[in-house]
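Heads up, the thing below is written out as structure tokens.
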Amino acid sequence: MSVKPLSLHSLHSPMASSFLALLFFFISSPFISFAADASQAAKTFIFRVDGGSMPSVFPTHYHWYSSEFAQESSILHVYHTVFHGFSAVVTPDEADNLRNHPAVLAVFEDRRRELHTTRSPQFLGLENQKGLWSDSDYGSDVIIGVLDTGIWPERRSFSDLNLGPVPKRWRGVCQAGARFGPRNCNRKIVGARFFAKGQQAAVIGGINKTVEFLSPRDADGHGTHTASTAAGRHAFKASMSGYASGIAKGVAPKARIAAYKVCWKDSGCLDSDILAAFDAAVVDGVDVISISIGGGDGITSPYYLDPIAIGSYGAASKGIFVSSSAGNEGPNGMSVTNLAPWVTTVGAGTIDRNFPADAILGDGHRLGGVSLYAGVPLKGRMFPVVYPGNAGMSSASLCMENSLDPKHVRGKIVICDRGSSPRVAKGLVVKKAGGVGMILANGASNGEGLVGDAHLIPACAVGSNEGDRIKAYASSHPNPVASIDFRGTITGIKPAPVIASFSGRGPNGLNPEILKPDLIAPGVNILAAWTDAVGPTGLASDPRKTEFNILSGTSMACPHVSGAAALLKSAHPNWSPAAIRSAMMTTTNLVDNSNRSLIDESTGKSGTPYDFGSGHLNLGRAMDPGLVYDITNDDYITFLCSIGYGPKTIQVITRTPVRCPTKRKPSPGNLNYPSITAMFPTSRRGTLSKTIIRTATNVGQPEAVYRARIESPRGVTITVKPPRLVFSSAVKRRSYAVTVTVDTRNVVLGETGAAFGSVTWFDGGKHVVRSPVVVTQLDVL
């Protein structure tokens, strides 16, 4: 690392004393070493710098950073908007030394994230002729920034036919690159950028241009799928190889799309690039940010070390709604990701459409599964069936590469265990060994949760119980045989929605006082546009091309909420991001299409708010919620103070200096969130009480009276004061206190270590404003 010489006359500037202090630090500090340790491998680090400390001798922050902090050639990104600082390739020792610079507030290593991989709009309560679609003009002129793998602009979902001019406030660009230029943007795709510097620095040899485009063009398919889910055009027929045939449409068909490519095929997404995209999106002028990305290493970082949380705060503080995926590590408890309270975190549920494929056994049993296989069917022909796991080799039971003995599987249907390798890749291993088909069996961790795949050989997926029965048959019968019956697309499935087994679950691993996920939305077997660069499986060996693909994951649920936010923003342009989230959360569905409580796919039992948050998104009601729970930037700062962050730590997130209350520490549970969590210490016994404050804002008729309806779990008493909220044209905000009293001798905490109730405000008309109440104890978290 080198320091460039400065002319002496610059020391006479108004900030000379500050600059001299910084210069003295660099010259005298024993922590700074200007000679890199050749034995250390350089890595990318992100540096949060106090922008106000820049000496006036430097014309820009970049000049300052490249003069005092890192060599010019090592700097990757400079952040100005959601974050002040830069990312650079330096050795760990150099990064540690820079932590001691008086202007450096935080240093964190670049982390790799992963993607959380058109019937659904109707399933959200949207109709063509009335309601939120028509009242919001289908989201017209709202701009959704999609941080993902890019976009395939030629798809019909991104046509700008009959759209008005690009909104005048838009300041973004259409960045040129490999097979992408200005003509690939239009009045629908109003902008596109790509962020590759972090990847280029982290990947040996840089990005593989034989499988990727160094441009906004999508080589993976994920970004095209999420963008069209949120805002794809409608009024043309669509299907994936005949499956899910219908009219293609996104949630906000007239909303505009800005694509920010931050994830790269086979190498994931890096924090340094993601943060740069947040920075650009805010400056460009997006209204909504959709990010279906989360931690790929199982680590839950505090907010001040999480660039997604930091970038999201910078966006939310500017009035931009941010939705993110809850992750696919369910049904394990505390598996939900993207936990910041200024982010709307979305879990996944099923829709009322399925793609059944049955495994038919030689003993006459027919066991239900799913598949999107579209090749030559087996037509009832029976084949020998074999389970390689009977030989005792786990690699063979998982059908890993080169694990199958052709002598044992040739001409047979092979039972493969799910896990350790891509589901569709297992079928290729079977095919390579001479097998004719595959039955993919869930393990206990996946339970009965199934997702359809566009297999390259006749194959279906079955749940854990069915898998065990098929394995038992294959092991015990002297001549086991089977076939697979592909039954196409079936709609009107009941029950639906069901909470997807893979969907990330609560409680919140950082701050249990904030319930996460916030809500669930359609995320299983979702049809949307697809890239032309790869086949529907995404495998290099898949030669098929398709305009649409069917995917599952909280990645698919997140853009449903992004599109919903665009509709609500269009209908209510003055609502804050927190108000939009509140409208969605307090109007959710808690029952399925059989009028029963939402079922957890992994257990077959009723779910809890740790599984579905406030419930399943219902846009038909969110348009007119009656009351909302608004949150300001100051409220978020108070929350950060309440969880023990000091002013300097908070400044890493907020960019500007803050002050925390000194007389009385605030309570994190008093953040004006649409859900309520009451936490009690287990060290105390008997009757315990906690009071939580909420403030409701009337967004309905000016003259309104709301009454409270309370649902208390066993052993818990919930009271609300006042029990009535009276609003008028002069009084639009009313506060109330929720007191939760627990009798520790009688309270019944379920398997999750929590009990669940609710506080609901109703006006005697159509407005029903519900907040879930979670009652828990500290030591179970």
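Here the Cβ of each residue, glycine as well, is placed from N, Cα and C on the backbone.
Annotated domain 'Inhibitor I9' per TrEMBL: 53-116, in sequence order.
What TrEMBL lists as domain 'Peptidase S8/S53' is 139-596.
Annotation for Asp148 (active site, charge relay system): same-chain Cβ neighbours under 8 Å, separated by at least 6 residues, are Leu115, His222, Gly223, Thr226, Ala227, Ala259, Tyr260, Lys261, Val262, Cys263, Ser290, Ile291, Ser292, Ile293. Positions annotated as active site, charge relay system by TrEMBL: Asp148 (among others).
Annotated active site, charge relay system per TrEMBL: His222 (among others), in sequence order.
What TrEMBL records for 384-470 is domain 'PA'. The predicted model assigns the domain 'PA' (384-470) a mean pLDDT of 90.
Residues or ranges marked as active site, charge relay system in TrEMBL: Ser555 (among others).
Per TrEMBL, the feature domain 'Subtilisin-like protease fibronectin type-III' maps to 670-775.
By the criterion of other Cβ atoms within 10 Å of the residue's own Cβ, the least surrounded of the active-site residues His222, Ser555 is His222.
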